Amino acid sequence: MSIAETNTTTEVAAPKKKMCCACPETKKVRDECIVANGEEKCAALIELHKVCLRKEGFDV
């Protein structure tokens with residue numbers, strides 16, 4: 001492997017946490033909304049949680 005290949009592979013950061021442990025604040029609010037109101041009424045909270053997960057390095 002050349003130096004150029006090594007640098008390319010190290011640029012991709014792996015998530016530091018498991019998905020189940022990432023973004024506990026948005027996960028809790030999202031889950032409570034889904035239980036109380038149903039998934040279709042919580043789309044905004046679901047999307048906020050996905051944004052948080054993406055910031056943590058997950059591909060969702």
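Just so it is clear, glycine is given a Cβ too, placed from its N, Cα and C backbone atoms.
Per Swiss-Prot, these features apply:
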- Cys23-Cys52: disulfide bond (DISULFID)
- Cys33-Cys42: disulfide bond (DISULFID)
- 20-60: domain 'CHCH' (DOMAIN)
- 23-33: motif 'Cx9C motif 1' (MOTIF)
- 42-52: motif 'Cx9C motif 2' (MOTIF)
Problem - Overall pLDDT for the motif 'Cx9C motif 2' (42-52), taken as the rounded mean - result: 98
Completion exercise
Counting every protein chain shown, other Cβ atoms within 10 Å of the Cβ of Cys42 (disulfide bond) number 20
Fill in the blank from the handout: What DSSP reports for the domain 'CHCH' (20-60) is 33 helix, 0 strand, 8 coil
